[in-house]
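*Asks:* Residues annotated as disulfide bond in Swiss-Prot: C24-C51, C27-C36, C43-C69, C73-C89, C90-C96. Annotated domain 'UPAR/Ly6' per Swiss-Prot: 22-99, in sequence order, evidence recorded as a curator's inference. Here Swiss-Prot flags N31, N75 as N-linked glycosylation site, drawing on sequence analysis. Feature annotation from Swiss-Prot assigns signal peptide to 1-21; the stated evidence is experimental evidence.
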Amino acid sequence: MEKYLLLLLLGIFLRVGFLQALTCVSCGRLNSSGICETAETSCEATNNRKCALRLLYKDGKFQYGFQGCLGTCFNYTKTNNNMVKEHKCCDHQNLCNKP
């Protein structure tokens with residue numbers, strides 16, 4: 001009986017571990033030096049949300065960016081003349097949206 005109870009408890013603890021929210025870095029504006037200008041905090045990506053990192057480059061140089069939790073997030077890179085917008089989404093580990 002104790003063996004079954006131990007297995008049940010182990011299963012519950014493992015399941016709870018998988019249900020924990022994903023912690024992401026949150027910054028409304030990263031400057032060209034990669035420093036957060038709007039007080040870096042964290043956010044919890046729950047309900048299929050992901051950590052997001054958006055970066056803007058001009059003439060190959062990083063200009064500014066955004067970090068946070070988003071419900072709709074797609075990985076893509078868009079190039080327009082000398083500007084490159086890069087959007088990265090992740091959910092594989094906590095704080096995965098650090099540049």
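From the backbone N, Cα and C atoms, a Cβ is placed for every residue, glycine too.
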*Asks:* Round to the nearest Å and give the CA-to-CA distance linking N31 (N-linked glycosylation site) with C69 (disulfide bond).
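*Replies:* About 19 Å separates the two Cα atoms.
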*Asks:* Only counting partners 6 or more residues apart, tell me which same-chain residues put their Cβ under 8 Å from the Cβ of C69 (disulfide bond).
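*Replies:* Same-chain residues close to C69 (disulfide bond) (Cβ under 8 Å, separated by 6 or more) are C24, S26, C43, E44, A45, R49, K50, C51, A52.
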*Asks:* A 10 Å Cβ contact count, applied to the disulfide-bonded residues C43, C51: which residue has the minimum?
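*Replies:* Taking C43, C51 as the disulfide-bonded residues, the minimal 10 Å Cβ count falls on C43.
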*Asks:* By a simple count of other Cβ atoms within 10 Å, which of C24, C90, the disulfide-bonded residues in the record, is least packed?
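*Replies:* C90, out of the disulfide-bonded residues C24, C90, has the fewest neighbouring Cβ atoms within 10 Å.
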*Asks:* CA-CA, which of the recorded positions C73, N75, C89, C96 lies nearest C36 (disulfide bond)?
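*Replies:* Ranked by Cα distance from C36 (disulfide bond), first place goes to C96.
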*Asks:* Can you tell me the CA-to-CA distance separating C96 (disulfide bond) and C89 (disulfide bond), as a whole number of Å?
*Replies:* 9
*Asks:* Could you measure between C27 (disulfide bond) and C89 (disulfide bond) for me? Cα positions, answer in whole angstrom.
*Replies:* 15
